[in-house]
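Under the heading signal peptide, TrEMBL lists 1-27. Per TrEMBL, the feature domain 'Methuselah N-terminal' maps to 38-228. What TrEMBL lists as transmembrane segment is 242-265, 272-294, 314-334, 346-369, 389-410, 441-461, 467-488.
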Amino acid sequence: MLANRVAALVMLSLAVACNVFPLLALAQNSQVTSKYPCAFIDTVNITGSYPHEQHGIGNNSTAQPSNNSYIYEWMIIPPELVAVYDFIIKNGIRVQTERHLRACVCKLKPCIRFCCSQGFFYRLENKTCSPISSIVDNFVDQDFMEIRFANGSIGTISTSGHFLVHHGTPCEHMRTITKDNHYVHWTLHENGTIAYKNHLFSKHYCFSAFLESNKDNEMDWQWQPLACVPERLPFILGVREWTYAICLIITVICMIIILFVYLLCTDLRNTFYGVAIKSYTLCIIVGYSLLAHLTLTSPANMSKYACSKIPSFALLYLVLSFYILSFISFNFYLSFFGIILSNLMFWFIFFPIVIIAACWSFFVSFDLYNNRPVFGNEICWFDPRNWSILVYLYVPILLSCVFSGIFYILSLIKLSDGPDVDVNKLMASVSRNRFKSFWKFFGYTLSTWLVCMCSFAINCYRGERTHINYVVCLFIALHGFGSLYALVGKNQQIQNFLRKIEDEIDSDEIAEISMPMSNF
């Protein structure tokens, strides 16, 4: 037992030594602060820099260092601006690395950052530095920059003499700041800040040269700061998100009412049309419920598997709902030729489409878009910064709407071919009223999703969420109310069924009232 305890103490001592001694050696025996004295963007790696010792009073044999500083770019960095880091910030994400020393050099001297070295400019298209080959190269000399001094005057200074010059992009994705499709003329101040009127530019920037027309309509190279595009989308649960989720839930409630009514209606319950509407409502109930869950739940609180599979199921049910509408349109068109499809035929048509849609959603959940997974990255739905939702969701929906539109046009042509008597014969099995109510409902559904597509295009183009998101919420709710109005309120068979139930209830109440009371 004693030998085991001694061995354990030896192992513990070795572990402490292995973790502590390298850090002490790395800090050069200085009193490096345990807290980070500045933002990471204002630091540089000074590992390997020469320590600068200030000796106390006494001869060489007895003098002791009072503090340990470091030398970087001919500057003496005091120990309070030095810290031991075990991470770096890469594209806005904290990445663990080996322990190293970093110093807050931008607190001692203002820093300026260029995306590329002298004679090069940064191409946003391929994220690389390209050489400048123009007769106006002298206008983009990095050695001299125009700045505004504290007293308000403007002058040209030597960048290397006034600033600490850094080269490279702080992030992988950079973008320019434009206003009305024109570059914003930012002002560089002597303290290193960049401002336009009362707006300060982010510290995560780098200067690059861009061609811009001057007053004489000649193209000149001008310096423009590029800003970092946030790599990870923050989870926001604000008024927009709650409004969107509530509208989704309202539509789910409306679909539950429609499903309940169509389950009770004996005239439609076992027909092709009735089974199709019930299947459609089930798909919308599940799809919209999953969307509401994704809207209200932070990806940080979801497992990687759930963050990948829940949106793929939502995609499956949403796509299926639109192809069910195509089946109904096809059924209306066939009825003009006297072909009546049964509910069994619906399932024969439906199951192959389910398999295809399931394979599609499975493919999307494992596919990459812009070298990143479509689902399961930093957001558990389609990334709003790219066009993946257009490719994987809106295109299948648009194809389904095209199919439905073709069958609708063919049905209208068939209706206009013969006289009203023939029309009545053709519509014997399928009510004209059912035909009209369905296409009203389809119009509400199509309008809702067209607004969603327009909202996505506008948000993606502007790079930010706009107030059109509230219009989307309104149309989502109108989708539910419109479906309830068209499929129940304007469907004569459903109305007759509801009146029959109401009459039976009234007759039962009258019979109960008219029953004579017995004597006790």
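From the backbone N, Cα and C atoms, a Cβ is placed for every residue, glycine too.
Predicted automatically and left uncurated, TrEMBL annotations should be read as such.
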Which bits of the chain, at least 6 residues beyond where the transmembrane segment (272-294) starts or stops, bring a Cβ under 8 A of a Cβ in it?
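Counting only partners 6 or more residues beyond its ends, the transmembrane segment (272-294) has Cβ contacts under 8 Å with 245, 248-249, 251-252, 255-256, 258-259, 262-263, 265, 310-311, 313-314, 316-318, 320-321, 324-325, 327-328, 331, 340-343, 345-347, 350, 380-381, 430, 434, 438, 487.
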Same chain, outside the transmembrane segment (389-410) by at least 6, Cβ under 8 Å from its Cβ: which residues?
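Those are 315, 318-319, 322-323, 325-326, 329-330, 332-333, 360, 364, 367, 369, 374, 382, 439, 442, 446, 449, 453, 456, in sequence order.
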Do any residues, 6 or more residues outside the transmembrane segment (346-369), come within under 8 Å Cβ-to-Cβ of it, and if so which ones?
272, 275-276, 279, 308-309, 311-313, 315-316, 319-320, 323-324, 327, 375-376, 383, 386, 388, 391-392, 396
